[in-house]
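**Student:** Next up is a structure, given as structure tokens.
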Amino acid sequence: MMMNNHFFHLVKHSPWPILVALNLINLIMGVVKLVYNNSFFFFFFFTTVLIVSQWWRDIIRESLYEGSRSLKINYIIGAGMIFFIVSEVWLFVSFFWMYFYFSLSPDMNLGSVWPPYNMIQMSFMDIPMLNTLILLMSGFFVTWTHYELTMNKFSNVTSSLIMSILLGFYFLMIQSYEYLNSNLSFNDSVFGNSFFILTGFHGLHVMIGLIFLSFMMIQLIKKSFSLMNFHGFEYSIWYWHFVDVVWLCLYLSIYWWSM
């Protein structure tokens, strides 16, 4: 076996990065087609999940069984995850910038008011409040799972993580119900555009977070965690709390302040 004179892990040749990149292009095109009632999005989302699962399987093998992770490498991966979340923050900053640009100075075509005329307002105390409580409870359960793991208390770890995932899926179900029963559409001026873009992209990130947490749950059930392989679960918690914070900003700006 060849010994390395550096602490970096030189990854092996893998087909998954290029496949994920190509599939993400198709996934974005599927989002555009979804506006026109096309189902390509769900097909490419499913294939993305399959490819990502194979990629994460290889990463788990490298860290858990091959011992290819050192403290320095874990530190670098953690920094990469932080930069990834920061890039996601700026993505939503651009969307919120668009929203406040149109809402703080409504165009004359909108009647110089916000929301525009004939836009049926939704109560922030109705479904949005329920969704907020559900997502916050999901964040509480995933944080409780992390606390139990750090305290070496394994009695309720799996059940609390499953509860967090179920609440996340329940959030998506209620969001879908809101879409189906809403009087708004994507074509209802810039108000409808901004509403569905912000809530839709947030829902997409909730799906990604649920996939992340589901893989961590599989690892937990299979007892695949170790002191050197515990960081993936922490990264999933970071991402899930990021989703929580984005939703709170959405709730305060779109549902409470605007309505």
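In case you wondered, yes, glycine gets a Cβ from its N, Cα and C as well.
Remember, TrEMBL labels are computer predictions, not curated facts.
What you are looking at is a predicted structure, and each value in this text was computed from that prediction instead of being measured.
Under the heading domain 'Heme-copper oxidase subunit III family profile', TrEMBL lists 4-259. Here TrEMBL flags 16-34, 40-56, 76-100, 120-142, 154-174, 194-216, 237-257 as transmembrane segment.
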**Student:** Any chance you could find the range in 16-34, 40-56, 194-216 with the most Cβ pairs under 8 Å to the transmembrane segment (154-174)?
**Tutor:** 194-216
**Student:** Which sequence-distant residues neighbour the transmembrane segment (16-34)? Criterion: at least 6 residues beyond either end, Cβ under 8 Å.
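**Tutor:** Counting only partners 6 or more residues beyond its ends, the transmembrane segment (16-34) has Cβ contacts under 8 Å with 40-45, 47-48, 51-52, 54-55, 58, 200, 204.
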**Student:** Hey, which bits of the same chain come close to the transmembrane segment (237-257), Cβ under 8 Å, at least six residues off its ends?
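**Tutor:** Apart from its flanks, the transmembrane segment (237-257) reaches 81-82, 85, 88-89, 92, 96, 99-100, 122, 124, 128-129, 131-132, 135-136, 138-139, 142-143, 146, 164, 168, 194-195, 198-199, 202, 205-206, 208-209, 212-213.
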**Student:** Under a Cβ pair cut-off of under 8 Å, which of the recorded stretches 40-56, 76-100, 120-142 contacts the transmembrane segment (194-216) most often?
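**Tutor:** Counting Cβ pairs under 8 Å, the winner is 76-100.
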**Student:** By a Cβ-Cβ criterion of under 8 Å, what residues six or more beyond either terminus of the transmembrane segment (76-100) are in contact with it?
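**Tutor:** Cβ under 8 Å, 6 or more out: 194, 197-198, 201-202, 205, 231, 234-235, 238-239, 242, 246, 249, 253-254.
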